[in-house]
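One structure below.
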Amino acid sequence: MSSKRTKTKTKKRPQRATSNVFAMFDQSQIQEFKEAFNMIDQNRDGFIDKEDLHDMLASLGKNPTDEYLDAMMNEAPGPINFTMFLTMFGEKLNGTDPEDVIRNAFACFDEEATGTIQEDYLRELLTTMGDRFTDEEVDELYREAPIDKKGNFNYIEFTRILKHGAKDKDD
């Protein structure tokens, strides 16, 4: 009789679970994702397609190749409606390290425990150690990074932004 039980258990679940995706985010995050989705869905048909991606990237001054757009579209298992968009972001965000792990990685180079690292020193570390960044990648990182007038990179705030998004200027 036990062999019948094991047969019924092994039948389920090759499917992607999207039903709980809305529970992963609070209302304000869902609203921000909805606004982003609507900006990308240029033709307003409720789905993001290759043309929508191209138009959105072009509006940002980028000129993406067909191969690049195809690679982006292939990350989705099917048509990208809002639920799929949210699911994909949830998977990406769940794939990042926990906040304390990221913060502690930066803290290793913060000998004074100030919560900041001198931006030139951090650039040197990022371009010469481990999985090396290019100067362009560091420039992109610094573009929206919390760096004060003295050139101190606030890694505590940066980690918060990385995991939770930037605060609005109005806040």
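Cβ atoms here come from the backbone N, Cα and C positions, even for glycine.
Looking up SER19, SER59 in Swiss-Prot for phosphoserine, the annotated residue turns out to be SER19. Looking at THR18, THR114, THR128, Swiss-Prot tags one of them with phosphothreonine, and that residue is THR18. When pLDDT values are averaged over the domain 'EF-hand 1' (28-63), the model yields 90.
When Cβ-Cβ distances below 8 Å are used as the criterion, the domain 'EF-hand 2' (97-132) is approached by residues 138, 141-142, 147-148, 151-156, 158-160, 162-163 of the same chain, each at least six residues removed from its ends. Break the domain 'EF-hand 2' (97-132) down by DSSP state and the numbers are 19 helix, 3 strand, 14 coil.
Those same-chain residues not listed among ASP41, ASN43, ASP45, ASP52 yet with C-beta within 8 angstroms of the centroid of the Ca(2+) site C-beta atoms are ILE40, GLN42, ARG44, GLY46, PHE47, ILE48, ASP49, GLU51. In the three-state DSSP assignment, the secondary structure recorded for ASN43 (Ca(2+) binding site) is coil.
Comparing the binding-site residues ASP41, ASP45, ASP52 on other C-beta atoms within 10 angstroms of each C-beta gives the minimum for ASP45.
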